[in-house]
Amino acid sequence: MWLIVGLGNPGGEYKLTRHNIGFMAVDFLMEGLGNPPIKNQFKAEIAQAKIKDHPVIFCKPQTYMNLSGESVQPLMGFYKIPLERLIVIHDEIDQPFAQMKIQKNRGHGGHNGIKSISGLMGSMDYTRLRLGVGRPANPNIPVPDYVLGKFTKEEFAQMPDFLNKAGDAVESIILDGIQKASTKFNT
């Protein structure tokens, strides 16, 4: 079984913000799998499905970004999911918009959701799908304001293709392994 975690913040005011692209990616993946039923457990919205006969649990922590590990750690323990079967999808300001990077065992890069998960798991040895949201064009815009801001109209126009590519990357990680997936999808 695999655990696919999309990071974001709960609540309508955050729904279409850059910081919630992890939630958006999980929603897109679940939609492609027929929208499996969602349960509220482990301080998260979770759903079970299969990706090409591989059982997966989708998770959207409802704890706010900085406490995401409070959902991930107990969920992994309950289902006995090993760290090598954890994929965390999150926003990445150091990647240009619509680019992505698959990495394993890397630092948190200042991302508070990753800090929370790594801190509670006691390890960074899990796969991350870093979805590029870019940096603010105006250097006077603070990063927190930028990531909590909504995507531009131009970015929204590219979103279906970007999320489809993210879904393909998750499938490739599961079916082909991180090395092949990284070679194919890292931009």
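Just so you know, the numbers here start at 1 and follow the chain as drawn.
Glycine is treated like the rest: Cβ placed from N, Cα and C.
The site 'Discriminates between blocked and unblocked aminoacyl-tRNA' annotation in Swiss-Prot covers ASN9. In this structure, ASN9 (site 'Discriminates between blocked and unblocked aminoacyl-tRNA') belongs to neither helix nor strand by DSSP; it is coil.
Annotation comment: Swiss-Prot describes TYR14, TYR64, ASN66, ASN112 as tRNA binding site. Sequence-distant contacts of ASN112 (tRNA binding site), defined as residues of its own chain at least six apart whose C-beta falls under 8 angstroms from its C-beta, comprise MET65, ASN66.
Here Swiss-Prot flags HIS19 as active site, proton acceptor. Cβ neighbour count for HIS19 (active site, proton acceptor): 23 (other Cβ atoms within 10 Å of its Cβ, all protein chains included).
In the three-state DSSP classification, ASP91 (site 'Stabilizes the basic form of H active site to accept a proton') falls within a strand. Positions annotated as site 'Stabilizes the basic form of H active site to accept a proton' by Swiss-Prot: ASP91.
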Listed in sequence order, residues not in TYR14, TYR64, ASN66, ASN112 with Cβ within 8 Å of the centre of the tRNA site Cβ atoms: ASN9, HIS19, THR63, MET65, LEU67, SER68, GLY113
Whole-number Å value for how far TYR64 (tRNA binding site) lies from ASN9 (site 'Discriminates between blocked and unblocked aminoacyl-tRNA') (Cα to Cα): 5
Listed in sequence order, residues with CB under 8 A of TYR64 (tRNA binding site) and six or more positions away: ASN9, PRO10
Cα-Cα distance maximum in Å, computed over every pair in TYR14, TYR64, ASN66, ASN112 that the record assigns to tRNA: 16
List of residues, in chain order, with Cβ under 8 A from that of TYR14 (tRNA binding site) and at least 6 apart: GLY8, ASN20, LEU148
